[in-house]
């Protein structure tokens, strides 16, 4: 039996972020829809060809998305929120962008769809909205059009479709509450129609993604799989596809399904391959996700060969990426500045395709030459284990010396709050922002010129100082109470810290999609982490010298730096987080010495770091909270520690949020209409809270009345004396005109509420 290989998906954005540039040009009115569509066509054709040339047997089609693949699925099913619908019920690419960005068909603002993390990754999807009695129809034929495109280009393909149960699981009920699973029978006819269309095109296999099967699903959701897949069987072969964790706990449900194959993630999952093989119907195809789609490390192909060889010829077998390569940068060959040793440890999406091809060839026709090729390929990643670039004895000693006293503040919150009130004397409903201000073309140009050597250090610092001065002046003029320096010097909240810490390396083109047109370039953690010198102190001290009002020191927390980097795989995540915490603990101490009295330690990724299964949560939360406290607890009692979290659902982790013992927490709540505050109310959260009062991901400017209404809603749940007033998130991606207007409205809303209290 010949083994084939395939990928579950490929990065969409393009090596030079061509998709991002085309999207933003179109949104700004600088290019036509046809020009945008052409960029998409060119990228798809290039990516299919590149995968095929790298040795991929079946290229995925349907993994491309103009904004997000879950949103694409919503449109496929005709699921468009009423506020975004065209008058004639038609669906086009503008419908898709309106849902993602927040505009009505008239051009007036309409709330964007809620956005949240895709399982435990750094990718965001647009949350489908469901209403009772909703109608579904095949509304958007992007998948079929792209299948036609790929077939016309002569590719051997495997269409990709998000499965019906995972799709419903990922959504939220809007309006009157009901069980969204009850919509299953309404969406299945659309899936049947799509599969019938694919069958007409001669498609043999369809990858139907059901990553919800790695979760601990309620029994009624598990029970829904059998009738759902009964309804979908017969027209094409279905490869039931799971990723991000193991499936052993749901194996009884899975093996009874009328599908022809199963894909499992054997990188993130811990399923025993022999047990899996034994438990599955013998005629099923088993696709093994052996190449990590979520990290940048070269695979040890020799080890995989040894592990997989016993399965060869025992059943139909495919090899694949563990998950979509969406989460990987595209091409390591474009990296010209990486040190040769470090570069030899990496593999990006195209190299991962080549790894699949190499391993498949060796398993199909093992001989000495092939095995030697695998050994030569695997040698650098094996040599890394003993590299001096990886190990730092001093860091290891410091980690071993941590005691329980190192992670506790000196006084409890109530006593600290009193000393902080005396020190800062802030008004009721204090206003602040989350940290960053608009990153103008001028700011980005300044950083780029400095990075590429066109600008010397002195002139760079002068330029950044001017932007900080402007940010402070703007905030003074607006009447904000606690200021920030605006982060003009920072390219990215994680990359900036990584650049100043030992143990990290950076890529030139290692872009991955975060959401919509937003791309990030995660640092890579290659070894033990330490801080050679202060990182943020110079700019924080300068900003504070410009104003009598308190200026926040701004740090990215240890868990977020870990979650938003490509981590090492040779030590635990806990070890990495605590190494970062120790480095940033020194930064907190230095900020205090420089006179900074309010220090924000952002942990937007705390929740997304949760393991997918609850059974594993407690261990993670314990070390994640300890890492934050290790970072913060060095602060004096009159230093106010803030933290910021976004895209979070808090209900199930409130104990841990409270255990962080931050003096103030700011959270993203506007898109969920203050829903998140219910968790804090039910828990009787003891410290101060800044619920985000407007959505910075949308260009819409909130009215004073809108903000006031949200704050009143917040005050029904949290005592007003413990409420802060702030946007949802940093303002880096917004323009100055809308930022000024939105913040002016926010300050005015706070002032009105203060006046009511007098």
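Cβ from N, Cα, C; glycine included.
Sequence annotations record features per position, and here Swiss-Prot assigns active site, proton donor to 697. According to Swiss-Prot, the feature 5-methyltetrahydropteroyltri-L-glutamate binding site maps to 17, 18, 19, 20, 117, 518, 519, 564, 608. According to Swiss-Prot, the feature L-methionine binding site maps to 434, 435, 436, 487, 602, an assignment based on sequence analysis. According to Swiss-Prot, the L-homocysteine binding site annotation covers 434, 435, 436, 487, 602. The feature Zn(2+) binding site is assigned by Swiss-Prot to 644, 646, 668, 729.
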Can you check which residue among the recorded positions 17, 697 has the largest number of Cβ atoms within 10 Å of its own?
697
Using C-alpha atoms only, work out the spacing between residue 434 (L-methionine binding site) and residue 519 (5-methyltetrahydropteroyltri-L-glutamate binding site) and round it to an integer in Å.
20
At the Cα level, what's the spacing in Å between residue 436 (L-methionine binding site) and residue 519 (5-methyltetrahydropteroyltri-L-glutamate binding site), rounded?
17
Taking Cα-Cα distance, which of the binding-site residues 17, 19, 117, 729 are within 10 Å of residue 435 (L-methionine binding site)?
729
How many whole Å apart are the CA atoms of residue 17 (5-methyltetrahydropteroyltri-L-glutamate binding site) and the residue listed as 'active site, proton donor'?
20
What are the other residues, in sequence order, whose C-beta lies within 8 angstroms of the center of the C-beta atoms of 434, 435, 436, 487, 602 at the L-homocysteine site?
433, 484, 493, 554, 600, 644, 730, 732
What is the separation, in Å, between the Cα atoms of residue 608 (5-methyltetrahydropteroyltri-L-glutamate binding site) and residue 729 (Zn(2+) binding site)?
16
I need the CA-to-CA distance for residue 668 (Zn(2+) binding site) versus residue 487 (L-methionine binding site), whole Å please.
20
Take the Cβ of residue 646 (Zn(2+) binding site) and count every other Cβ within 10 Å, whichever protein chain it belongs to.
25
Residue among recorded positions 487, 646, 697, 729 with Cα closest to the Cα of residue 519 (5-methyltetrahydropteroyltri-L-glutamate binding site):
697
Measuring Cα to Cα, how many Å separate residue 117 (5-methyltetrahydropteroyltri-L-glutamate binding site) from residue 644 (Zn(2+) binding site)?
16
Give the maximum pairwise CA distance in Å, whole number, for the residues 434, 435, 436, 487, 602 listed as binding L-homocysteine.
13
In whole Å, how far does the CA atom of residue 644 (Zn(2+) binding site) lie from that of residue 19 (5-methyltetrahydropteroyltri-L-glutamate binding site)?
30
